[in-house]
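Pulled from TrEMBL, these are the features on record:
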{"type": "BINDING", "residues": "125, 148-151, 214-216, 220, 267-270, 450, 461-462", "note": "substrate binding site"}
{"type": "BINDING", "residues": "144, 146, 368", "note": "Mg(2+) binding site"}
{"type": "BINDING", "residues": "144, 305, 364-373, 375, 398-401, 425, 452, 458", "note": "ATP binding site"}
{"type": "DOMAIN", "residues": "204-302", "note": "domain 'Glutathione synthase substrate-binding'"}
């Protein structure tokens, strides 16, 4: 997959000029993040890191990723409604993983009490890499599906315009016109707005549940501003605010500072560090409420790695999506090899195989957010340590995907301009809304391409490893 600007990469003067234009264009377009030094201040910002040049993506695989997104939306929604499947699948994990266990306890508690929520909103992002097969062809392979706080739908909508300008500066006007428009923020806001409308109270607000440190605030503001443009009022609160000021009335309507909340959109709550005892109590209060949670706790559990591994077992998709053979075939075609480390003969064999040949695999804990996976020697050391312990059931094993690297420049504030061998990961945003048993919205909402230097095995943009990118379809 040779990029049509391979010649440019080696032209130092052209690269320097294009990089200067690119940085100014990113700042002009609002591709911004707060700084690590002053993460609470919006008057000290810099550009979100991005590639100088768009990266090539096989058109057929890009279209395949879009085509399967509605199927993944249906699948996540089906899992979230299947108590028996979640119970069976997570039974071994919740014995050894405290975080998943605590989520599961809240899930069971709200089910026993009876769900007050009648409208369900899913915003997810299915992430893929392009695996280089032995015959040289590339195949689409799913890395994971993020069902909570799937980020960068806002900032990525700014990136294509920057790359369009860069290509023009480099004399690639025709190629610039081939870059696709992309605005996930608009699609995500459409889903939130639909859920707000179906909740049925014009006075109610949408609450963004946000982290204590909000470096990525502008990404969220892109979605927020789309809602304000629809005259939907948005408030931003943290877990601690919910604990201190949140309340439910007799009908389990959620109130914050006296304002009724129609939709809670989580941009927080996906890793153990997000919780202390007060935050867990706040989470329970939110889950017990009538408000539309995005995601509700069942949908967050549907995004765990253990569920991902279980979906690859023969017959599982057929049980979850009965009567949908075409959708099942599309979903299954994206799966990489996934293996259980549950206790027993199969788990023992898989663990031994991975210890003997660690470079073939990735070891994944039940975590979102990038930077958690284990590779190579580290994978081997961890597995050797836990191979005879129940702790190994808190992980899954996945075949390591081997994409074809390409040369690019990764533009980061205060970093030297140098060429890197890079690989990319494509994410497709999906949005769905269900009222009772009726699916009223189900669509792909845009894409996110992230690129990183090959020396980094794991980690996303927020983790400081990958950078924003734009696909150039070939």
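Just so it is clear, glycine is given a Cβ too, placed from its N, Cα and C backbone atoms.
Annotated features taken from TrEMBL, shown on the structure.
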residue	record	Cβ contacts under 8 Å, 6 or more apart
125	substrate binding site	145, 146, 150, 153, 427, 428, 429, 430, 448
144	Mg(2+) binding site	126, 127, 303, 305, 308, 364
365	ATP binding site	97, 305, 372, 373, 394, 395
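Neighbours of residue 215 (substrate binding site), defined as other CB atoms within 10 A of its CB across all chains, total 17. Under DSSP, residues within the domain 'Glutathione synthase substrate-binding' (204-302) fall into helix, strand and coil as 41 helix, 26 strand, 32 coil.
All protein chains included, residue 400 (ATP binding site) registers 19 other Cβ atoms within 10 Å of its own Cβ.
Burial estimate for the binding-site residues (270, 375): highest at 270, by number of other CB atoms within 10 Å. Taking CA atoms as the reference points, residue 215 (substrate binding site) and residue 400 (ATP binding site) are 31 Å apart.
In space, 452 is the closest of the binding-site residues 375, 400, 452 to residue 149 (substrate binding site), judged by Cα positions.
Under a cutoff of 8 A between CB atoms, and with a sequence separation of 6+ in the same chain, the neighbours of residue 268 (substrate binding site) are 149, 209, 210, 211, 238, 239, 274.
Residue 452 (ATP binding site) sits 17 Å from residue 151 (substrate binding site), taking the CA atoms of both as reference points.
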